[in-house]
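Data block below; observations after.
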Amino acid sequence: MRQEATCSLVLTQDAQHRKNQPPLAEEDDDRDHTDDAMPPPCSILLRQEEGEATAAAAGEGLLVPPLNFAMVDHGVYRSGFPDISNLPFVESLRLRSVLCLCPEPYPEANQEFLRAHGIRLFQFGIDGSKEPFVNIPEDRIREALKVVLDVANHPVLIHCKRGKHRTGCVVGCLRKLQRWCLTSIFDEYQRFAAAKARVSDLRFMELFDISSLKHLPASFSC
């Protein structure tokens, strides 16, 4: 009985205390509760930080291909001139050979890279002149094609400065050896040359005589 009386007294006093409290101001009910929002749990913050760190690390190891890089066939690639930032990507191709169509001396940094990875350099300098009536040296195109046709040089990367005209002519003549129709050859050339396609290049590929070179199957992988 004494315990029940004590509990009743406590409840009565608590009720009386709340009754005597002043009412809450109305502005408390209308206040903006955005400040009361709970901060995100630590686990979420940690996951966000880990994600940002992973993305940064991935960015540092990103492989950047050279301008106009593409696979021509099994073991044959084409591109513009690889610069220093492209060398990690070039390394991933595990090349045996590089075929350069520029007449200028090959950069020392690129030569060091080739030596370090046991990659052989073939260079057949072709003038990159934009003059419409400058003849394309057919003999150098033929020598370049012989390098590409020798599977002992594969994987091989063919490149000029931009990977458009000189590289496009070599690849176009290679396609003739693979028995591509001219429409498909021209379409591939224009895909890389775009608005800078040259009529002289198209004419050269059309008239190029493949009789002295061995013909290929549809693909080097055959």
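Backbone N, Cα and C atoms are what each Cβ position is placed from, and that goes for glycine too.
Per Swiss-Prot, these features apply:
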- 1-41: region 'Disordered' (REGION)
- 68-222: domain 'Tyrosine-protein phosphatase' (DOMAIN)
- 124-136: region 'WPD loop important for active site topology' (REGION)
- Asn135, Ile136, Arg140: 1D-myo-inositol hexakisphosphate binding site (BINDING)
- Arg166: site 'Transition state stabilizer' (SITE)
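In this structure the C-alpha atoms belonging to Asn135 (1D-myo-inositol hexakisphosphate binding site) and Arg166 (site 'Transition state stabilizer') are separated by 12 Å.
A 10 Å cutoff on Cβ-Cβ distances gives Arg140 (1D-myo-inositol hexakisphosphate binding site) a total of 17 other Cβ atoms nearby, all chains included.
When the Cα atoms are compared, Arg140 (1D-myo-inositol hexakisphosphate binding site) and Arg166 (site 'Transition state stabilizer') turn out to be 11 Å apart.
Per-residue pLDDT, averaged along the region 'WPD loop important for active site topology' (124-136), amounts to 76 for this model. Cα to Cα, Ile136 (1D-myo-inositol hexakisphosphate binding site) and Arg166 (site 'Transition state stabilizer') are separated by 9 Å.
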